[in-house]
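One structure below.
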Amino acid sequence: MDCMEPARFLCPCDSPGKHTGVGCHALLHWLFLTQGSNPRLLRLLHRQAGSFPLAPIWQVLEREKRLTSAVGGASLREGAGTGARLWGGAKGRAGLKRDSGNRTPGWGGPEGAGPRRWLPRPYLGWAHPFWCSCFSRRHRSRGRMALKQVSSSKCFGGLQKVFEHDSVELKCKMKFAVYLPPKAETGKCPVLYWLSGLTCTEQNFISKSGYHQAASEHGLVVIAPDTSPRGCNIKGEEDSWDFGTGAGFYVDATEDLWKTNYRMYSYVTKELPQLVNDNFPVDPQRMSVFGHSMGGHGALICALKNPGKYKSVSAFAPLCNPVLCRWGKKAFTGYLGTDQSKWEAYDATYLVKSYPGPQLDILIDQGKEDEFLSDGQLLPDNFIAACTEKKIPVVFRLQEGYDHSYYFIATFIADHIRHHAKYLNA
């Protein structure tokens, strides 16, 4: 069964901002119309929703009855000062007047197995606070952002899926890939985020890197987002391969033309992790990040700007000092403006000099025959020098004969998965 199945019962009265447990309302409305206050049903719901107030439920109803008139139903009529009560017994019978226009049939409970009891119809309202209180935060948060499954394929015992959603940060539809290892069927798993390089989509990594076997063996959920917003109709976003579409550079743009949509840093560090945490079996306390080229730059700055958030970080041929390379200067000028002090907030070499957090164990693989290394785009020596000065351990491996391609990544991807699994499964 898809991990998204529980959120697929949609209620037309719900909306993302109402915090109303999408799907559960529709289901409960039908159940109580037909089953009433069946104690067995209540116990089942108690097991399904960890916060369902089973024992003191009549107290909840008493507390909520004041809101009856506000939700558009007949008023609750009291008797003997005992208020509403779901279970049977004399007090429960006295507490509700059986008005034919304000009742839903049910069964007697443990205190009295006799006549039917009546549940006031106002308490069946879609957005009534009582029903909202019956669901855990996890269920409610699922209703805030809908995911559409684009594809699903079995791979090494797990599932490689792609989803689409409407991004709040980027103001457009975004796709991301998620690999669910076999262990995800029985419990929560650590999560590893991959950030791709220039011109890539969510497809490049999942199709070319060959990471699935290692991720399956180590029980890691792997998330691979797209590299930029798409289809935003911004002037110039399609003009070049190293700026705009496919080249978000994992920054939050401040220039007027780009600042509304190009917020990839906030997307990959805030919105996407929250979306993943709400909808997939992951442990949010165990997450790491890695990437390639522009995505390697993204992985390094995400870890360095968020001390303690990521257990580990690694990169393949990253842009280590973008304020000094042509790609970085072009992107930062376009997204952040000409004030170079703003650029330093997204430069790993500058960030590591002032890194205040727990010690990071950084792994970097670099192909020796990489044309962008010899062209001065990557500048790993500057980053290594800054790490040495700050006494932050970094393992830098210069791989003889390898270039910048996915053949290079596929050769050493298992090493990087093991590197992260060492910390994520500790």
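Indices start at 1 and increase along the chain as displayed.
Backbone N, Cα and C atoms are what each Cβ position is placed from, and that goes for glycine too.
Those TrEMBL annotations? Automatic predictions, nothing curated.
Some features that TrEMBL has for this protein:
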- S293: active site, charge relay system (ACT_SITE)
- D370: active site, charge relay system (ACT_SITE)
- H404: active site, charge relay system (ACT_SITE)
- 93-112: region 'Disordered' (REGION)
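H404 (active site, charge relay system) is 5 Å away from D370 (active site, charge relay system) when you measure Cα to Cα. Its Cβ taken as reference, H404 (active site, charge relay system) is surrounded by 21 other Cβ atoms within 10 Å in the chains shown. A separation of roughly 8 Å, to the nearest angstrom, links the Cα atoms of S293 (active site, charge relay system) and H404 (active site, charge relay system). For the active-site residues S293, D370, counting C-beta atoms within 10 A of each C-beta gives the highest total at S293.
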